[in-house]
Amino acid sequence: MENRWQVMVVWQVDRMRVRTWNSLVKHHMYVSKKARGWFYRHHYETDNPKISSEIHIPLGEAKLVIVTYWGLMPGERPWHLGHGVSIEWRQGIYRTQIDPELADKLIHLYYFDCFTASAIRQAVLGRPVIPKCEYPAGHKQVGSLQYLALIAWVGVQKRRPPLPSVTKLTEDRWNRHQKIKDHRGSHTTNGL
């Protein structure tokens, strides 16, 4: 019998991102209770020695499974150390890989309160509204002018600790362009 290969998309991440992600998920499962119904599977509970953790997030009849891996091939940089993340959407026997942005949108849709378009009308009528989104990683689009005005009026409040974002987990913070802190003066006087 010949070998059968299965190909899947795995995002390379550094190990500190994986540790932070797991800590945030556990905090919101057990302390803040915002992640109700989520299931965390440890590395010793799986048959695959490459899996470091699995998080099962129910989405109605379907579920989102976020698997973190260790011991993969060495990464492009020394700090990657062969760590990776795969994101899978499952419903019945159907499975498909999805990207981090879509995963964040699905989590946002099912689990967290958000400012909706009808909230502008509710605010104008004097009814109470939810003026903020609990999970802003779930939608990146620019809001309407009314939404932006209401946000400016209410103000943005930071959450501690933040809610776990799949996009934040998979982003490559090491290969982003460096921001120059001081633009005053010429480059020659700043020693650049």
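Note: Cβ is positioned from N, Cα and C throughout, glycine not excepted.
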Checklist line | 32-37, 74-79, 182-187 - the range that Swiss-Prot marks as region 'Interaction with host APOBEC3F' | finding: 74-79
Item checked: Range annotated as region 'Interaction with host APOBEC3G' in Swiss-Prot, from 20-24, 40-44, 120-124 -> 40-44
Checklist line | Candidates T96, S165: member of the modified residues with the richest Cβ shell (10 Å) | finding: S165
Notebook entry, point to check: How many Å separate the Cα atoms of S165 (phosphoserine) and T96 (phosphothreonine)?
Noted result: 20
Margin query: On the three-state reduction of DSSP, what should I expect for S165 (phosphoserine)?
Written below: coil
